[in-house]
Amino acid sequence: MSTQSESASSYWRENLRIITTYMVIWFAASYGCGILFVDELDKIQFFGFPLGFWFAQQGAIYVFIGLIWAYVFSMNRLDEKYDVHE
Amino acid sequence: MDQFYINLLFVGASFALYFGIAIWARAGSTKEFYVAGGGVHPVANGMATAADWMSAASFISMAGLIAAGGYANSTFLMGWTGGYVLLAMLLAPYLRKFGKFTVPDFIGDRFYSKPARLVAVACLIVASVTYVIGQMAGAGIAFSRFLEVDKDTGLVIASVVVFFYAVLGGMKGITYTQVAQYCVLIVAYTIPAIFISLELTGNPLPPLGLFSDHTASGMPLLAKLDQVVQDLGFAAYTADVPNKLNMVLFTLTLMIGTAGLPHVIIRFFTVPKVADARWSAGWALIFIALLYLTAPAVASMARLNLINTVYPNGVDAQPIQYEDRPEWMKTWEETQLIKFEDKNNDGRIQFYNDKADMSDKGWAGNELTYNRDILVLANPEIAQLPGWVIGLIAAGGLAAALSTAAGLLLAISSAVSHDLIKNSINPNISEKGELMAARASMTVAIVVATYLGMNPPGFAAQVVALAFGIAAASIFPVLMMGIFSKRINNKGAIAGMLAGLVTTLVYIFMYKGWFFIPGTANLPDNVDNWILGISPLSFGAIGAIINFTVAFVVSNATEEPPVEIQELVESVRYPKGAGAAVDH
């Protein structure tokens, strides 16, 4: 029983670590690149367009998609590892 | 063929499809009525979620908002997509594991409290009712423009269609209709966008066209747009905002509001397993992104197109004569959505920013005003696309409005029949009785929504403030704490929800009038009077912080939750065993 709950809590700890990592990227892509540092990024002309504006209207959305899919695969692996998948 | 018959054909065919699905997907049990039996494939659920989420506002209004605000209105793009990251990681899988029917179900059980459940029901109803009025009104407008019936008749037709598949099929009927509605709306949105992108930039993919060169001038499209809008006295399209704090808070309010909206959350109760809830979120965001990545391209291209229409020889030359205006302007003038007033009596349409003084050119003020919605609705006509594309836009706009309306109506009716009737008033109600109650609540909700759509109350225009503010300040934090903390107890949750809700509502009422009654505002609603420049629309994020803080402080000052509640929290954290959903 105690080993089971130990593995349960380490499953949860790993989940929290994955979430934290992805939330940092989530924040950086939208609030960081899209809002707070948009002026600095706009000075970089990436293929002739302002990078900050691109992040605010396109880039952030691509990052969000990438994050959810990365989370899906990370968690599926984690579920397998701890044998909590269905 | 006459445009009217083309529109009728497209709308009629899409409605016939919805009716067909309704008959095929009848609900036989409460589980089918509330969560479609829990057997929806994640890809289908992703599509249904996308249609559920993308409302008349996303389809008709968002591109117009971005066209008007440029960079500053990127908030809607990031806010209404970034919320899905929160939903996928912080809420959906655990709420699916919990395995019951409604959002107040979780709040009531996790915080072992009937008052907590009732506060959640109240928040859900206010947010959803405000939201649904806009959908009904949107359907009415789409009908009146494209099928030449008056707005109220259009609204009644829309309600009858929704009634048919929502009352008969519940979540099951709604889910599969939403899948069909997604296909209709995404095709309708992207086809005109592809044509316009090709025309302006030669690139068939609108999101890439946005960052390509403008064929006619050889300049990058955005640089060209910045140049012409500035020549007309407007702020540059890509210009930064003066107050970043407000922009951050507004985006955050939209994100956590999105994640906390009950009609979106319940979509994740319909899949078989916890892992499927995560997959669904991934698919949903891809389907949503198809529209959200296209919208900013439509926005900038439609704005440039409109300016080019008025100034065919460039903004330095004379604008067109009113008599020479294109056909689409005449059509839309009839709907009053675009208006011309010849202030300097020269017979030409001067279109520029009033605040810039152009009297040296002999201009006496801006002469063209338009409703922002026409940038999408009239898009095919502005770009001179064939008649069937216009028919497609009609069907698409209706699909967007109806799919969201149905999702909201289900959230409202299940809160009434399940949380109020079954779990609060009459716990002994039979399965059959509850199913009947669910259908009756749905019927009442549709009638009320139709009535409010015809006679919109003052708060109907406050969807962003009310629906997103409440979801952000009260529902999202309490759901998140219920999963990620074992220590938050009933008292903390209720105190937190009420604190978040009340502070947010008070801040909104201070600027927008108490209960939105005109003339009762304490302060003028403008940036000079906002505290730290925070708009009432951005306050939901602050309300959420207040909610978290109060819940934490109160819970720590009072007793721990009972052991069985701590075990419940443990169980929602681990995916195993969700397939055998809790029997009610």
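Here, residue 1 is simply the first one shown, and the rest follow in order.
Backbone N, Cα and C define each Cβ position, glycine as well.
Here is what TrEMBL says about this protein:
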TRANSMEM  B:6-25  transmembrane segment
TRANSMEM  B:77-95  transmembrane segment
TRANSMEM  B:116-134  transmembrane segment
TRANSMEM  B:154-172  transmembrane segment
TRANSMEM  B:179-198  transmembrane segment
TRANSMEM  B:247-269  transmembrane segment
TRANSMEM  B:281-302  transmembrane segment
TRANSMEM  B:388-412  transmembrane segment
TRANSMEM  B:433-453  transmembrane segment
TRANSMEM  B:459-480  transmembrane segment
TRANSMEM  B:492-510  transmembrane segment
TRANSMEM  B:530-554  transmembrane segment
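Between the transmembrane segment (B:247-269) and the listed ranges B:6-25, B:77-95, B:281-302, B:433-453, the one holding the most Cβ pairs under 8 Å is B:77-95. Comparison of B:281-302, B:388-412, B:433-453, B:530-554 by number of C-beta pairs under 8 angstroms to the transmembrane segment (B:116-134) places B:388-412 first. The transmembrane segment (B:77-95) shares more Cβ pairs under 8 Å with B:281-302 than with any other stretch in the list B:154-172, B:281-302, B:388-412, B:433-453, B:530-554. If you look at the transmembrane segment (B:388-412) against the transmembrane segment (B:433-453), you find at least three C-beta pairs under 8 angstroms, all six or more positions apart, and that counts as contact. Ranked by Cβ pairs under 8 Å to the transmembrane segment (B:6-25), the stretches B:179-198, B:281-302, B:492-510, B:530-554 are led by B:179-198. When Cβ-Cβ distances under 8 Å to the transmembrane segment (B:459-480) are tallied for each of B:179-198, B:281-302, B:492-510, B:530-554, the top count falls to B:530-554. Between the transmembrane segment (B:492-510) and the stretches B:154-172, B:179-198, B:281-302, B:433-453, B:530-554, it is B:530-554 that has the most C-beta pairs under 8 angstroms.
Comparison of B:154-172, B:179-198, B:281-302 by number of C-beta pairs under 8 angstroms to the transmembrane segment (B:433-453) places B:154-172 first.
Counting same-chain residues at least six beyond the ends of the transmembrane segment (B:281-302), those with a Cβ under 8 angstroms from any Cβ of the stretch are 42-43, 45-47, 49-50, 53-54, 58-59, 62-67, 70, 74, 77, 80-81, 84-85, 87-88, 92, 182, 185-186, 189-190, 192-193, 196-197, 200, 206-207, 209-210, 221-222, 225, 237, 267-268, 375-376, 379, 382.
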